[in-house]
Every structure is written in C-alpha cells, then in structure tokens.
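For reference, the structure discussed in these notes is given below.
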Amino acid sequence: MTRLRWASTAALAVSATLLTACTGPSTPQPTSPSSTSHESSAAIRPVSSSAPIPPASAAARQVGFVDVRSVVPSAIVDLRYATSHNFVGVQLYPTGARCLVHESLADGLRTSAAALRTSGDTLVLWDCYRPHSVQQTMFEKVPDPAWVAAPGPYSRSHESGRSVDVTLATHQPGCPVDRRLADLCLLDMGTDFDSFTPQATAFATAGVSVAAQRNRARLREAMSAGGLSVYSGEWWHFDGAGAGVARPIIDVPVT
C-alpha cells in the first residue's frame, strides 16, 4: 500500500501512523476496491528468460532503482495504482508504469520468488516504488493521516523503493472470478489489497479462514527467506533493508 497501512484497533492505527506512516481506521473511510475479476487489469505476465527488459530511466538508475522484471522474470506485475481498481478509484500511475525497487531488494526478491516456485506459487507485485507526487495525490484525495500517510518522513519506504506490496498466485481449476489474474488464481488471503478492516492485519485470525491464514504464513515465510519483513498492519506489505531509516524523498518517473 501507500505506506498506507490499516490497523485493527485505534492504538495500532496511531502507532502505525507514527512509526511507519501507513494507515488505520478513521473517517472519512476510502472506498475499498470492488470485488471484480482481474482479467481486465494491467497485469504484466511473467517474461521469457530471453526477453530483453528495457533499461529504467537514467533518473531511476541514478537513485539505484531496477525493474523487478529484470530481477524476477517469473513474477506477475499487477500495479493496482496503474488502474482504477484501487482505494482512490482512479488511475494514479501512467499506463506502462514499471515496478521499480531499490537495488538493495533485488537479491531478496529473487530468493523469495525462487522459494515460492518450489511450491508452484508465483509472486505477484501490487505496488513497488511510489513517486512522491503520487503520495501527495493520495493524501489530497483522503487528507487524513490515519488513513493515508502525509507525504514526508513517515511515508518514505515505498517512496524510496524499499518496500513492496505482494501476494501469491497459482494454477487452480475453478478459480473464483474475483481472484483470476492472467492465467493464474490469486490465493485466498482473507481480504483484498487495501482492505480497510481488522482482517487485513498480518496476523489476524478473527474473520480470517484457516486456509487464508496458512496462505499468509506461506507468503511471510517466503519473503522472510529473502530478508523482507511483513508490516503487522497489512498482510501484503513487506519491507526490505533500509525501509526504516532516514532516506531522501525520491520522485522519478515510473515508466
């Protein structure tokens, strides 16, 4: 998420806002993404190992960013903010936006994706580097720091490319329509991305099926193998090295 983080209690919301500048319950409440098929989303399917990945922009390379597809060609990039299927309800990234991450995440994501492949799972990326200007737009849409981090020192892990929002997909016959992505099926995680409910917290059990809890644990285990740690307020948000330290605000193109 945006270093948008949702929490199950008011106390967790306050701590998440102060420590990580994501989000927690408050008003006004943004609109959750609708439960519709992902078939029409801007998902980028896994690329052939021989398919060249165009280099990132000079500005992106200068700050140490790499395109995830050059690091994990087996991953699916489904940037929700490059579509209107997000909590704001409008497209925030340009068509053709890339999933850019800081080079310090490259080896970890490669390791995590390899661990997932052993069980037949595919890593799906919902958000990566987020331009500072987009964070500002999000806050203008929902100017409540309990929901959306105010641009600044507490919202920079995505802005510095050191955090990712991810989930898992696999081959599953009879996949429900609202979980179809490319030719795969998103695993049941108990909630969708950017869910504004207590069930979205990483270790929630109330209202989260045993199967979904196990799927979240599979995701955490694989991401941990690559050195990425889950944010307790959002099951989909993982931080790499440097996510919690002082960083410059970065605003480079995502195309």
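The count begins at 1 with the first shown residue.
Cβ coordinates come from backbone N, Cα and C, glycine included.
All annotation found in TrEMBL is predicted automatically rather than curated by experts.
Marked as signal peptide by TrEMBL: 1-21.
Annotation comment: TrEMBL describes 23-49 as region 'Disordered'.
According to TrEMBL, the feature compositional bias 'Low complexity' maps to 32-49.
Summarising the annotation, TrEMBL assigns site 'Transition state stabilizer' to ARG130.
Taken from TrEMBL, the feature Zn(2+) binding site covers HIS158, ASP165, HIS237.
Feature annotation from TrEMBL assigns active site, proton donor/acceptor to GLU234. Reduced to three states, the DSSP call for GLU234 (active site, proton donor/acceptor) is strand.
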Cβ neighbours of ASP165 (Zn(2+) binding site) where a neighbour is any other Cβ within 10 Å: 26
DSSP-derived class (H/G/I helix, E/B strand, else coil) of HIS158 (Zn(2+) binding site): helix
